[in-house]
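Q: According to TrEMBL, the protein carries these features:
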- 1-25: signal peptide (SIGNAL)
- ASP124: active site, charge relay system (ACT_SITE)
- HIS155: active site, charge relay system (ACT_SITE)
- SER317: active site, charge relay system (ACT_SITE)
- 370-433: domain 'SLH' (DOMAIN)
- 434-488: domain 'SLH' (DOMAIN)
- 489-548: domain 'SLH' (DOMAIN)
Amino acid sequence: MKKYIGHLLLIVLLGLIASPQVASADETSERVIIGFENEIDTTILEDLSHQLIHTYEPIDAISVSVEKDVLEELRVNPKVKWVEKDRRVKATRQVRNWGFDATNTNASRDLQINGDGTKVAVIDTGINRDHPDLDVAGGANFVGDGSSYEDDNGHGTHVAGVINAQNNSYGTLGVAPAAKLYAVKSLDSDGIGNEADVIAGIQWAIEKDVDIINLSLTSPYSSTALKKMIDRAHDKGIFVVAASGNDKTGDGQLTEDVMYPGRYDNVISVGAVTEDLKKAKFSYQGKSLDFVAPGSQIYSTYIEKNDSEYAYLSGTSMASPYVAGALALYKQIYPDLSFEELEDVLMNNAEDLGRPGRDDVYGDGLVQSPASYFTDVEDEDWFLNYVNDLTRKGWIQGYPDYTFRPQNKITRQEVVTLIGRSLDLDGTKRSTDYSDVNQYHYGSGFIDSATDKGIIEGFRDGTFRPDESIRRGDVALIIYRAFDIPTSNEHFFADVNPDRYYSEAIHSLAKQGIINGYNGTEFRPEQPITRAEFATILSKTINPELRS
């Protein structure tokens, strides 16, 4: 918890004119971060002129301003583990939204995946609290008197808009508009701040139990205290996303790798690409780069300037919030996945750029928002749209581990349950006339209702065999009966015997464009049907516009 020490300012008038030999307080004192061996012990400062700025109890450290000539005394104190400079960090603005399409966020929006239930903290210059396109849930200020987290620079508001601009009729649209947005002001009106204030901001975000922290700020130097606080956030399951850094002079990177804090293992580092999906010239690269995202000419919210509250900006600062926003979307649909599991999902769904596989220029690729509710259904899968359709309708729910298992054989009970949901049949669990389906089977109600309507029938021995796989021919027959498909006498598949009980149903579905078979000539009616195949057939049955 941050502790505030009142400032006592003693002014002694020694003369009318100050002596030029007397150094200013800024020249004789220095802000440092002190880490302790065991626990925080401020008694080491009792005899020293100092100002306590922040206390970081989770990592046993404090930030203080002390006289420069006592630094060595502090370093050798047996209670002190380390002393480091409280270096200045800055927002990575480059120059003055195609990114929505590039990150496939439209697909997420179609699935009503919008970051609902997640919390994102933007540690930056603050956020314009009155912006009509932003919904700020709260915040804190660690700069100056700490009275307001209002943005007096514009950088933080722009970053916030990429993540959270609201879904309304004006302005722009953020990646995760339903996420709760928190403003943490750790940078001043020039976009510059102390590491100590950033660390305090992270500590506040941890206490707020946020899911994601965005750091669109960089430093060429490592900080023990900053790393420890980030590690603390990671241990709490919080994702920390950071900009990789900007080459603002055109003279090349200052470092061989990305800037800090993006270089730390527990931080997701993000570089920038242009609209043609090439590395932005200003974007830092290196072995620690994890992903890239849109970072050139990004239109987003801003502080009021020239009668507008929107602006185009470029930089890795703009790329980082795309990843933070995408993480909010994944966190919404996979709330129980660990940091490593969710990072793997992000990596597996990324669009590979540059040379195949991970590289120093693009990391694991261009971040992509979720195209499906399931971790094993990907953007390029032929059955994606059909599975998404049934999931949107609430008919498919998948497994507890967030998988759909598309290639698994679907069971007879599952098929009848899904058809029952689509027809709004009575699914109340109850006893049935089948000897092997009782009131404890999840699909018993739908099985009983479908039997009453003549959609299904069991076997001659009085069983239904609910947990057995079901053949493609039987599925065609059930669909044919359930949805009153018009009968066709045309013959489409050479491997469908016209004398078999399912022949008329198969060819009638083919006539309507509901099924295509294999290579246009085979249907393989005796083959068990997979979950992906059944989802496709049911979705096409319900949605004529999806038929071929």
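Note that Cβ sites are derived from N, Cα and C of the backbone, with glycine treated the same way.
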Q: Between SER317 (active site, charge relay system) and ASP124 (active site, charge relay system), find the distance joining the two CA atoms and give it rounded to the nearest Å.
A: 10
Q: When DSSP states are grouped into helix, strand and coil, how many residues of the domain 'SLH' (489-548) land in each?
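A: Output for the domain 'SLH' (489-548) reads 24 helix, 4 strand, 32 coil.
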Q: Per DSSP, what is the helix/strand/coil residue tally across the domain 'SLH' (434-488)?
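A: The breakdown for the domain 'SLH' (434-488) reads 20 helix, 2 strand, 33 coil.
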Q: Provide the number of Cβ atoms within 10 Å of the Cβ of ASP124 (active site, charge relay system), excluding the reference atom itself.
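A: So the Cβ neighbour count for ASP124 (active site, charge relay system) comes to 31.
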Q: Take the C-alpha atoms of ASP124 (active site, charge relay system) and HIS155 (active site, charge relay system) and report the distance between them in angstrom, rounded.
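A: Answer for this pair: 7 Å between alpha carbons.
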Q: Could you tally the C-beta atoms, other than its own, that fall within 10 angstroms of the C-beta of HIS155 (active site, charge relay system)?
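A: Taking every protein chain into account, the count is 28.
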Q: For ASP124 (active site, charge relay system), what is the secondary structure by DSSP, using just helix, strand and coil?
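A: Once the DSSP labels are grouped into three classes, ASP124 (active site, charge relay system) ends up as strand.
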Q: Other than its own, how many Cβ atoms are within 10 Å of the Cβ belonging to SER317 (active site, charge relay system)?
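A: If we count other Cβ atoms within 10 Å of SER317 (active site, charge relay system), we arrive at 33.
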Q: If you average per-residue pLDDT over the domain 'SLH' (489-548), what number do you get?
A: 94
